[in-house]
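*Asks:* Feature annotation from Swiss-Prot assigns ATP binding site to H22, D182, A183, K184, R248, F249, D257, R263, K264, A280, K284; the stated evidence is sequence analysis. The feature Mg(2+) binding site is assigned by Swiss-Prot to D24, with sequence analysis given as support. The feature K(+) binding site is assigned by Swiss-Prot to E50, with sequence analysis given as support. As annotated by Swiss-Prot, L-methionine binding site applies to E63, Q107, D257, K288, with the evidence given as sequence analysis. What Swiss-Prot lists as region 'Flexible loop' is 107-117.
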Amino acid sequence: MANTFMNSPRFYFTSESVSEGHPDKMCDQISDAILDAFLSHDPKARVAVETATTTGLIVVLGEVTYERGYIPIEEIVRRTVKEIGYTSAEYGFDADTCGVMVAIHGQSPDIAMGVDKALEAKIGAMADDVEAVGAGDQGMMFGFACDETPELMPASIALAHRLIRRLERVRKDGTLPYLRPDAKSQVTVEYSFGKPVRVDTVLISSQHAPDITQDQIRADLIEHVIKTEIPEAWLDSQTKIFINPTGRFVIGGPMGDSGLTGRKIIVDTYGGVARHGGGAFSGKDPSKVDRSAAYACRWVAKNIVAAGLARRVELQVSYAIGVARPLSLSVETFGTAAVPDEVILKAVNEVFDLRPGAIIRDLDLRRPIYRKTAAGGHFGRTDIDLPWERTNRVEELRRAAGL
């Protein structure tokens, strides 16, 4: 795709986003709200919490090990659902009356022994104290950044997220009180030689009260959502707009579809523009490299683009469970780099430390900061301060690359 994308005079790419009331996103937020509660009591808690939901029911399951404090899980679940907006049976789900089942047990000691004491520590090969912490699992993680938007994200996913955030704002502030929590957006961007030039298609599906006409919903969402979030220069007479194309979206949330933590990993990351290692984020403490290393790779990628080393970059890092040092690190700049890729890779290795313990330290990840990432995307956020979105290694990278 990269060569076609960069060399084609006309190329289309589509990304989607979903609202906080989407059943899968509900589950992500519940899992991360529970994670935050455990980290508030014990910053070194080991947490792997999954959530499932269907009509009238939420199930929380997983593995947790922590030192102290009572965690009122059912209360956290109901509060999270209420904050999302499911406060009445009219919406198909009610935070106060839904069933909540909890099935949580301790982390496997076989896993814990590899995280508590890395292989480097066991064989006496530690370079420093950071190598006492092993990766919580094997796997590969990716990070990406590009210069298409101010937040250094692909235009299609950035716009899809903006539409959803605006949709949630007008629902909650009373501008469009008939809207309900479940919604999805989708944006197709037209590119010319790797640069976004216009929006070809906008799709929004939003749950709504039963007495609102399709014509009113369409007019309101175009005026209060689409026109406020998509640059005017990118909309033209040929832009196609679809609003609730089925004609009706009254039944939504868990009543319309079951939900599960970790089923929106492309929404959470780069909208399909970059590759994905397959591991979900929500409900996992930072010892799980599925989450922490993906955050670190985004941090590295964003600093590379901000430093002017490349206009577009993707990184891959890989780990073995119980081993501190990454197994591999690669950089791909798709022909957009100011210096050779091997120079960028060398600079990254000089400036960034991608061992799990160092990632946790440098990004200060043992804090209750995760619930707010669980809807609206984990990357490119301009509404919240996330450590992996900071471009605080730009000058170091430029020096290391000889610029």
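Yeah, the Cβs are placed from backbone N, Cα and C, and that goes for glycine too.
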*Asks:* Taking DSSP three-state, what's D257 (ATP binding site) in: helix, strand or coil?
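*Replies:* Assignment for D257 (ATP binding site) reads coil.
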*Asks:* Have a look around D257 (ATP binding site) and count the other CB atoms within 10 A of its CB, chains all included.
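*Replies:* Total other Cβ atoms inside 10 Å, all chains included: 15.
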*Asks:* In angstrom units, rounded to an integer, how far apart are the Cα atoms of the residue listed as 'K(+) binding site' and E63 (L-methionine binding site)?
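*Replies:* With distance taken Cα to Cα, E63 (L-methionine binding site) is 9 Å from the residue listed as 'K(+) binding site'.
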*Asks:* When the Cα of K264 (ATP binding site) is compared with the Cα of each of the binding-site residues D24, E63, K288, which one is closest?
*Replies:* D24
*Asks:* Going by C-alpha positions, which of the binding-site residues (D24, E63, K288) is nearest A183 (ATP binding site)?
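*Replies:* Given the candidates D24, E63, K288, the nearest one is D24.
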*Asks:* What average pLDDT does the predicted model assign to the region 'Flexible loop' (107-117)?
*Replies:* 56
*Asks:* Would you please pick out, from the binding-site residues H22, R248, K264, K284, K288, the one with the fewest other Cβ atoms within 10 Å of its Cβ?
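*Replies:* Ranked by other Cβ atoms within 10 Å, the binding-site residues H22, R248, K264, K284, K288 bottom out at R248.
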*Asks:* Rounded to the nearest angstrom, how far is the Cα of the residue listed as 'Mg(2+) binding site' from the Cα of K284 (ATP binding site)?
*Replies:* 16
*Asks:* Just checking the binding-site residues D24, E63, K288: which sit within 10 A of D257 (ATP binding site), CA to CA?
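*Replies:* Final answer, ordered: D24.
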*Asks:* To which of the binding-site residues D24, E50, E63 does the lowest count of other Cβ atoms within 10 Å belong?
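*Replies:* Counting other Cβ atoms within 10 Å of each of the binding-site residues D24, E50, E63 gives the minimum at E63.
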*Asks:* Show me the subset of H22, D24, R248 whose Cα is within 10 Å of K288 (L-methionine binding site); these are the binding-site residues I mean.
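*Replies:* Near K288 (L-methionine binding site), where near means Cα within 10 Å, there are no binding-site residues at all.
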*Asks:* Roughly how many Å lie between the Cα atoms of H22 (ATP binding site) and E63 (L-methionine binding site), rounded to a whole value?
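*Replies:* Here the two Cα atoms lie 25 Å apart.
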*Asks:* Using a 10 Å cut-off, grab the number of neighbouring Cβ atoms around the Cβ of A183 (ATP binding site), all chains included.
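*Replies:* Excluding its own Cβ, the number within 10 Å is 28.
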